[in-house]
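Features as listed in TrEMBL:
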DOMAIN    119-368  domain 'Orn/DAP/Arg decarboxylase 2 N-terminal'
MOD_RES   LYS127  N6-(pyridoxal phosphate)lysine
BINDING   LEU309, ASP310, VAL311, GLY312, GLY313, GLY314, LEU315, GLY316, VAL317, ASP318, TYR319  substrate binding site
DOMAIN    394-475  domain 'Arginine decarboxylase helical bundle'
DOMAIN    602-655  domain 'Arginine decarboxylase C-terminal helical'
Amino acid sequence: MEVKQKVELLREKYQASSERLNPPSPLKPVWTLENSEELYRIQGWGDPYFSINAAGHITVSPKGDRGGSLDLLELVEALKQRNLSLPILIRFSDILEDRLERLNACFAKAIARYRYSGEYRGVFPVKCNQQRHLVEALVRFGKPHRFGLEAGSKPELMIALATLDTPGALLICNGYKDQEYIETAMLSQRLGQTPIIVLEQLEEVDLVIAASQRLNIKPILGVRAKLSARGMGRWGGSAGDRAKFGLTVLEILTTVERLKAANMLDCLQLLHFHIGSQISAISTLKDALREAAQIYVELAKLGAKMGYLDVGGGLGVDYDGSKTNFHASKNYSIQNYANDVVAEIKEACDASSVALPTLVSESGRAIASHQSVLVFDVLSTSNVPSGPPEPASEADHLIVRNLYETYTAINPRNYQEAYHDAVQFKEEATSLFSFGYLGLRERAKAERLFWACCERILAIVRHEDYVPDDLEDLEKIMASIYYVNLSVFQSAPDSWAIGQLFPILPIHRLNEEPTCRGTLADLTCDSDGKIEQFIDLRDVKSVLELHPLRPNEPYYLGMFLNGAYQEIMGNLHNLFGDTNAVHIHLTPKGYQVEHVVKGDTMNEVLGYVQYDAEDLIEQLRRRSERALQDQKITLQESQMLLQNYERSLSRYTYLA
Ligand SMILES: *Cc1c(COP(=O)(O)O)cnc(C)c1O
C-alpha cells in the first residue's frame, strides 16, 4: 500500500477512535464544589476549620464549630492591599485556641468517663513553634486549664521562664542540661514557677544534687525513660534501646539510689517518656503506656514521691485525611488518645494501689499545625505539548511516519504496546539525530508525536482500574510544572528533608474543574526545591490537579497544616528569607489583623552572611564611577543601576 493511502486510512481510523475515546457527550457532568471537596479531601484533613464556599473559594472557620468564617481569597486580597506581598503565612489565633480547648476538653471527658481521680495538666513544647506571638497566645489561652510550657534547650528555657505566668502551670525542663540550665530552672521556683527538671542523662543527676545543695532548693525532678515500646516510622528512633534520649531501667535504678543517698528521693515525682512524633497507630501508644505505667508504679514502690506521669508528644495530625495508620495520617481521634492515656494509667495504678498521677502531655504538632496557612502564587507553568499533532506526510522521515502510525492506532486494547513502540521510536529518533540522519525539524516532529502518543495513552490509563507498572510514571512525565513563588527550604523544609506531606490546593476556582496535572517547582536554583508528592486517599499521588493559568489573573495555592516545626527549621537556601506573616483574629464584625511580622528584606538576609548594605552600595558606586570614566556607562544608566540596587536591598526576597 502507498504510504499516503496508509496514512489516510490511519487518519480515518484515528478519527473514529478519537470519537470513541472522547464521545461528544452533551451530558458531561458539570464540575461541582463537591467534586473539589472530594478531590482535595478538605473535610478529611481540614474539618472543622477549612471548607469551600459557594464562590468556590476556601473558607476558614477559625473557631471551628463555634461559628464565624472568612473567605481566604478575600483575606489574601485585603492583605495585598495592605502592601503585604506573597508568599504570606497567615496564622489564625482562634484556631490555636480551638486546638488547645479541644485537647483539654478531650482529657476532661476521659477523666470523667473513667472516674479518674487525678487531673490533666498539659504543656506546649516550645520547640514546635517558638514564635513569640504564638507562645504568648498559647499561654493566654491555656490559663483556664493551667496549661504550661516545655523547654528542650537553654534558649527555649529562657522563653518559657519569661513568658509563663500561669499559677500552677508546669514548666517541664527537658533536653541536655548544664549547671547553668539547672540552676536557672531551680531558682525560678522562687518566682512561683513550677519547674520540673527531667533527668535524661546520668551525669545530670550529680549536677542536680550539687546544685540543690549549693542553692538550698529542693527541686521537683523527673526521669525520662527509654522505653522499649517505640513509635513507628520516621520519628520512631526517639525510643527503643538505641534511642538518643532517656535513661534505661538500669540507669533509672542508679538515679534512684543516688538521690536516696543524697536524701533527695522525695524530689523525684515525675516519669516522662516520648516515643516519637506523629504516632500513626494507636496500638503503639498503648504499648508504651503499659510499659511506662509499670515503671511509674515501681518507682512509687521504691519510695519516690511520684505525682506526675508525662506521656510526651506524638499526638498525630491527619495530613491526608485518610484516618489510617499511614505516616501522613493517624488511626485515632484526640478523644481516643485521651481515653487510652487515662484508662491505661488508671488500670495499672489501681492494680498496684498506687495513687493516680497528674497526667501531663507535650503535644506540639497536634496543637500548632492547623493554625497557619501559607498562601503563595504561581508564576508560570511549563507544559508538555498537547492536543492532536499535525499528521505525518509522505515527505516525512520514516521514523516520524512510524510515530504517527503508532499514534493513530492507539486504543484501549493495545495502549501498553503502543507506549513501548512510541518510546522506542523516540529513542531511535534521538540516535538518528545524533548521527546526522535526522534534521532538527524532523526531530521536533518526532518529539511532538511522542507527546501526543503519551497524551492519548494517558487518557485511556486514567480510566483503567489497573495501571501496568511500566505506565505508572506516565502521569508524572506528562505533568506540567507550576513555578511557585516560594522556597521549599524556607517554608516546608520537612517536605524536602523527610518527604512529609502537606495538603496543597488552589484557594479559589474550586467551582471549576482542574483540568491540568502538575508538580510544583520553587524559586531556588536547587533541583530538590520541588514538591512532587501530594496527599491522596490511597498512598500518595505524584501530580496535583490544578487549573490552567489565566492571563493577567493571579493563581493562588495554599499549603495547609504547616504550623508545626516548618518555620524554625526553614533555612536561607539561595537567601530566600522568612516570609511575611500575619496573625488574624475573628471579630463579630469580621476580622482583625492582630500582628504583622514582616518577612526578611535582602538587607537582612545579606546581613546573616556578614554583608553590610552600605559597603555593598559603596562598592557598586565605585565600580560605576570607574565605568563612567571609561565611558562604558552613561550617568543616567549608572544612576538607574544604583537606585535599583539600593531599592532592592530593602525589599522582600521573593518575587514581586
Ligand atoms: C518534640 C517533642 C515533643 C513534641 O512532639 P509532637 O509530636 O510535636 O507532639 C514533645 N516532647 C518531647 C520530649 C519532644 O522532644
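Keep in mind that glycine also has a Cβ here, set from the backbone N, Cα and C atoms.
In TrEMBL, annotation is done automatically, which means it is predicted and not curated.
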Query: Can you name the residues of this chain that are 6 or more positions from LEU309 (substrate binding site) yet have a C-beta less than 8 Å from its C-beta?
result: LEU270, LEU271, ALA292, ALA293, TYR296, ILE345, PRO357, THR358, LEU359, VAL360
- prompt: Quick one: which of the binding-site residues (LEU309, GLY313, VAL317) have their CB closer than 6 Å to ligand 1?
  reply: GLY313
- line: Checking the binding-site residues VAL311, LEU315, VAL317 for other Cβ atoms within 10 Å of each Cβ, the smallest tally belongs to VAL317
- request: Check each residue in the chain of LYS127 (N6-(pyridoxal phosphate)lysine) that is at least six apart in sequence and keep those whose C-beta is under 8 Å from its C-beta; list them in sequence order.
  value: GLY152, SER153, GLU156, GLY364, TYR565, ILE568
- prompt: Across the domain 'Arginine decarboxylase C-terminal helical' (602-655), what is the average pLDDT of the model, as a whole number?
  reply: 97
- request: Could you list the residues of the same chain, at least six apart in sequence, whose Cβ is under 8 A from the Cβ of TYR319 (substrate binding site)?
  value: TRP45, ALA328, SER329, GLN500, LEU501, PHE502, PRO503, ILE535, LEU561
- prompt: In sequence order, what residues of the same chain, 6+ apart, have a Cβ less than 8 Å from the Cβ of GLY313 (substrate binding site)?
  reply: PRO125, CYS128, HIS274, SER277, SER361, GLU362, SER363, GLY364, ARG365
- prompt: Under DSSP, is LEU309 (substrate binding site) helix, strand or coil?
  reply: strand
